[in-house]
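Enquirer: The Fe cation binding site annotation in TrEMBL covers C88, H130, H134. Among the features that TrEMBL reports, active site is placed at E131.
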Amino acid sequence: MKIYTYGHPVLRKKAKKVTKLEKNVEKIMNEMFKIMRTSRPHGIGLAATQVGILQSFFIYEIEDDSGIVINPEILERRGALEKENEGCLSVPGVYGAVERPSEIVVRYIDLSGKSYEEVIKGLKARVFQHEIDHLNGVIFTDYIDSIEELEVDEGYEIPEALLDRFIRK
């Protein structure tokens, strides 16, 4: 299993709703956690589409809070719009400020099939929105208007496909 990077067509595909929890799903998600935890730079969320699986689920790990989120659906976006830097394991070492609501109401199921509807705030809300975007074929850089808005860590480069997007504007 590997993380696909910017420019790979799988990242633009929409995930399909999970209709049956297969026995191997837990194994896949555990492998995703392993990849996310060992990636450099370190990640805090990873969508199935980023590893080439067109199913609607993602994992996250923010400090002491981690989880598996299946068939997520944002029911409501609320709270102040906040512009914060985001990064992505599919665009390693590249960051840009994305404006998102600070609070969302989300519905999803867990690995056991239990359904949740909850209000999520702060960084967790940002992570959920970022990962749900991935499940819809959207990458955080889609919200960036110019190349000047991107920050790049030392040792990394802006992917050619992303540079091309800004040149074509």
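Yeah, the Cβs are placed from backbone N, Cα and C, and that goes for glycine too.
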Enquirer: Beyond the listed site residues C88, H130, H134, identify every same-chain residue whose Cβ lies within 8 Å of the center of their Cβ atoms for the Fe cation site.
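Expert: Along the chain, the qualifying residues are G45, A47, Q50, E86, L89, S90, E131, D133, I139, F140.
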Enquirer: Measure from the CA atom of C88 (Fe cation binding site) to the CA atom of the residue listed as 'active site' and give the result in Å, rounded to a whole number.
Expert: 10
Enquirer: Give the sequence-ordered list of residues that share a chain with H134 (Fe cation binding site), lie 6 or more positions from it, and have CB atoms under 8 Å from its CB.
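Expert: The answer is L11, A47, T49, Q50, F58, S90.
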